[in-house]
């Protein structure tokens with residue numbers, strides 16, 4: 001009798017995706033982050049669901065409902081901080097996952113890569129709206145500043161901002177709709193993840209060498225399920241250390257002050273995972289220019305398949321490209337640091353230089369180096 005796992009209409013989909021899936025025999029730990037992102041999404045949806053049971057999306061009670069969750073709900077503090085720090089873990093995994101894709105040339109799987117970029121944008125939108133919900137000072141002013149950027153769009157900008165706000169300022173209507181969007185988006189993300197996997201399984205996974213591995217495949221289970229479990233345990237360990245020992249390490253103290261439209265915080269800044277984009281936005285004096293740079297700093301990822309001029313897929317055997325890649329990583333870390341600093345000398349100059357370097361490396365230096373490496377192959 002044939003195994004149910006291979007014949008049952010529903011179970012066989014799971015079987016072909018996670019059990020009998022042929023996987024390259026040499027994929028490294030950098031390939032763990034896909035499954036870790038799935039785990040992060042599950043954690044966020046579950047903790048978010050329990051938070052939504054106690055949260056009220058009204059400007060008068062939102063802040064106190066979060067306080068109520070932390071003080072009066074059984075393990076409410078644990079759920080709330082797991083959700084807040086879970087978002088940070090989500091973004092750490094996301095950045096590493098994207099970085100791995102850039103380093104090993106995974107972006108040549110065009111559809112998988114582009115859906116991945118759309119996923120990144122959807123997660124960023126969800127995280128931004130989630131940050132507004134506790135209705136602290138940074139929530140309110142963050143929402144005001146970021147939504148206000150849309151007013152830079154010529155002709156329709158102001159109307160668009162007021163339409164998003166549901167009034168003439170960030171108020172009750174804004175909070176209510178942000179809560180609605182924040183609730184629905186993770187499920188849209190989950191659907192996009194399935195499409196992401198569908199396209200990935202059409203081609204199979206890439207591997208560190210960037211070579212075709214059809215002649216050397218192993219089943220996903222037990223080899224990579226065991227390998228993923230190690231990643232899962234480490235992720236949960238780091239998340240729990242964060243939640244139980246320093247839950248506010250990555251947060252902003254200003255958000256423990258209820259939102260007050262009459263008092264502006266000294267430094268308005270988003271959560272740490274948006275700081276690199278925020279630094280790029282601030283480094284351009286013109287409002288529309290800044291907004292375009294901000295959007296393009298993420299959308300530039302979609303250009304990677306077009307800018308790939310190397311004869312080799314992976315950077316594994318391309319030392320010059322490797323050097324540039326790590327300079328790009330340090331540049332992004334620098335931008336993250338600058339995004340959290342006030343706009344004054346020398347930070348503004350460093351931010352402008354780092355922003356120019358970011359776009360120059362991706363659009364100019366990496367493609368040129370790829371061509372040089374192609375020439376070096378003939379030596």
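From the backbone N, Cα and C atoms, a Cβ is placed for every residue, glycine too.
Residues or ranges marked as heme b b562 binding site by Swiss-Prot on the basis of similarity to another entry: 83, 182. The heme b b566 binding site annotation in Swiss-Prot covers 97, 196 and rests on similarity to another entry. What Swiss-Prot records for 201 is ubiquinone binding site, and it gives similarity to another entry as the kind of evidence. Look at Swiss-Prot and you will find 33-53, 77-98, 113-133, 178-198, 226-246, 288-308, 320-340, 347-367 tagged as transmembrane segment, backed by similarity to another entry.
Taking CA atoms as the reference points, residue 196 (heme b b566 binding site) and residue 182 (heme b b562 binding site) are 21 Å apart.
Comparing Cα positions, residue 201 (ubiquinone binding site) lies closest to 97 out of the binding-site residues 83, 97, 182. Outside the transmembrane segment (226-246), and at least 6 residues removed from its termini, the chain residues within Cβ reach (under 8 Å) are 29, 32-33, 35-36, 39-40, 43, 78, 81-82, 85-86, 88-89, 93.
With the fewest other C-beta atoms within 10 Å around its C-beta, 201 stands out among the binding-site residues 83, 97, 182, 196, 201. Panel annotation: around the transmembrane segment (113-133), residues 48, 55, 57, 62, 66, 87, 90-91, 94, 97-98, 101, 106-107, 139-140, 142-143, 146, 174-175, 178-179, 181-182, 185-186, 188-189, 192-193, 195-196, 199, 270-271, 273-274, 298-299, 301-302, 304-305 of the same chain, lying at least six beyond its termini, place a Cβ under 8 Å from a Cβ of the stretch.
Counting residues 6+ beyond its ends, the transmembrane segment (178-198) has Cβ neighbours under 8 Å at 17, 38, 41, 44-45, 48, 52, 55, 57, 112, 115-116, 118-119, 122-123, 125-126, 129-130, 132-133, 143 in the same chain. Long-range contacts of the transmembrane segment (347-367) within the same chain, counting only residues at least 6 positions beyond its ends with a Cβ under 8 Å from a Cβ of the stretch, are 279-280, 282-284, 293, 296-297, 300, 303-304, 307-309, 321, 324-325, 327-328, 331-332, 334-335, 338-339, 341.
Sequence-distant contacts of the transmembrane segment (33-53), counting only residues of its own chain at least 6 positions beyond either end whose CB sits under 8 Å from a CB of the stretch, comprise 69, 79-80, 82-83, 86-87, 89-90, 93-94, 96-97, 100, 130, 182-183, 186-187, 189-190, 193, 228, 231-232, 235, 239.
DSSP assigns residue 201 (ubiquinone binding site) to a helix.
A helical conformation is recorded for residue 196 (heme b b566 binding site) in the three-state DSSP classification. Separating the Cα atoms of residue 97 (heme b b566 binding site) and residue 83 (heme b b562 binding site) is a whole-number distance of 20 Å.
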